[in-house]
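Following: one structure in structure tokens, then a few remarks.
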Amino acid sequence: MAGDGSGAGTYTTDEALSRLGFGRFQALLLGFLGTGWVAEAMEVMLLSFVGPSVKEEWGVSGGAEGLITSVAFAGMLLGACVGGLVSDRYGRRAGFLFTAIVSGVPGFLCAFSPNYATLLALRFVVGLGLGGSHVLPTWFLEFVPAENRGSWIAAFTCFWTLGTILEALLAWAIMPILGWRWLLAFSSMPCFILLFFSSVIPESPRYLCSRGKISEAMLVLERMARMNNSALPPGTITSGPKRIEDNYDSSVTTPLLMTEDNLGHDEDTSTKSSYKNAFRAFWSRDLIGSTLLLWLVHFASYFAYYGLVYLISELSSGRSQPNDSTVYINVLVTSFAEFPGLLLAALLIDRIGRRVTLGGMILLCCAFIAPLSIQLREGLSIILLFCARTCVMGDFAVLHVYSPEIYPTSCRNTGVGFANFIGRIGSIVAPLTITALLENHRQKEAVLVMDLALFLAGVACTLFPLETKGREIH
């Protein structure tokens, strides 16, 4: 059995990817899956622009305006779990089709909503699809060589920022002239582009190996070799590591590999048994600590990110007229702030490690937000928001690398999906909390709540037991 792993003529997926390098295949994959990240960012960011117009047209309250965002995040909360389970059981491609179809079609239909209740229902379904989008960076990660995996996933995260910038520009061009319905329709287009080209992207070879489909994994790697003008190592790929001690502490790795074998090489295993084994993996004694810490960091990061989005939107709206361009300019400026954070994360993550980079970004964000608890001049507020947005996006870049690296292939998307589930709770709470506090002129309390969450997450980063920099994932 190839998974027994130490015989001559076998190599691991990481060894194959290192030999093939990062080439034309990964570049095309980056563009395709990055478009999915653009689509999610556009669907999320449009709510900052649509909410005030919906409130004005249908005469709903500020709480009802915030509920439009919260129901979308409620859908994402459920979709994060469902998408993760689908991706680990039926493949990364199935998880991708789930997120593209379930978010794209109802997203377009939102433009024709006859009333507030219909819009709420459709935004919930959109959120359900968007919740499974974590399969996109995970799918990409499983094709990238270990030595520069962190930097390339940070580069992948740039597509989120590109999506926020495109949505702000689109809203600026469309909202004053055509209104919010046209913005909803145009913002759903990237999902349909993804579906059109979906047949050209292969299944993850890591996933195929974990399911015991070695010959199919070899076909994918051979296709990569042709596109990258490279050659695979001699022999056949194996589904497991050759030497446990070269990659992880045996106390951490052994239960993961046992789970991998149980899932990957028994095609008769029932879906129920597979899900049970996936849950057992990330609730095992060796992973329970990392899982709980990861949940705390995800909650704080999502809460702070969307809290900042609404803080920017509310502060801008309070200082400008309804059709003033100030809100779009401020969103654009703070969105551009994400690029330095992504660049910084890309430079540091493969040098000083995941844990130090993650904790540093979170605590710096905490420091930049704190002065906003008092009234400041608009220019100074924008600078602080710029710096905070830089750090929180660097935080997300590291999370997109570190979260899937903690788990084995057989339960990777399930583990990341449940971490995103907890993060989406923060996404739901953020607009309700921050909007309500700002509406009641309690900016100080809004800032302090975000700072408390970030501080606890920064402390949590010092407690992670495992550093995954440069190590193989299985």
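Residue numbers in this text run from 1 along the chain shown.
From the backbone N, Cα and C atoms, a Cβ is placed for every residue, glycine too.
Predicted automatically and left uncurated, TrEMBL annotations should be read as such.
According to TrEMBL, the features are:
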type     : residues : note
TRANSMEM : 27-47    : transmembrane segment
DOMAIN   : 29-469   : domain 'Major facilitator superfamily (MFS) profile'
TRANSMEM : 67-87    : transmembrane segment
TRANSMEM : 94-114   : transmembrane segment
TRANSMEM : 120-141  : transmembrane segment
TRANSMEM : 153-174  : transmembrane segment
TRANSMEM : 180-201  : transmembrane segment
TRANSMEM : 292-312  : transmembrane segment
TRANSMEM : 327-349  : transmembrane segment
TRANSMEM : 356-374  : transmembrane segment
TRANSMEM : 380-402  : transmembrane segment
TRANSMEM : 414-434  : transmembrane segment
TRANSMEM : 446-466  : transmembrane segment
Cβ pairs under 8 Å between the transmembrane segment (120-141) and the transmembrane segment (327-349), at least three: no
Selection from 94-114, 327-349, 380-402, 414-434, the stretch that has most Cβ pairs under 8 A to the transmembrane segment (292-312): 414-434
Selection from 27-47, 94-114, 153-174, 446-466, the stretch that has most Cβ pairs under 8 A to the transmembrane segment (380-402): 153-174
Residues of the parent chain within Cβ reach of the transmembrane segment (94-114), under 8 Å, 6 or more residues beyond its termini: 36, 39-40, 43, 79, 82-84, 86-87, 122-123, 125-133, 135-136, 139, 181-182, 184-185, 187-188, 191-192, 194-195, 198, 201, 413
Candidate ranges 27-47, 67-87, 153-174, 446-466 - greatest C-beta contact count to the transmembrane segment (414-434) (under 8 angstroms): 67-87
Same-chain residues at least 6 beyond the ends of the transmembrane segment (67-87) whose Cβ lies under 8 Å from its Cβ atoms: 43-44, 47, 50-51, 54, 94-96, 98-99, 102, 119-120, 123-135, 138, 275, 278, 306, 413-418, 420-421, 423-425, 427-428, 431-432
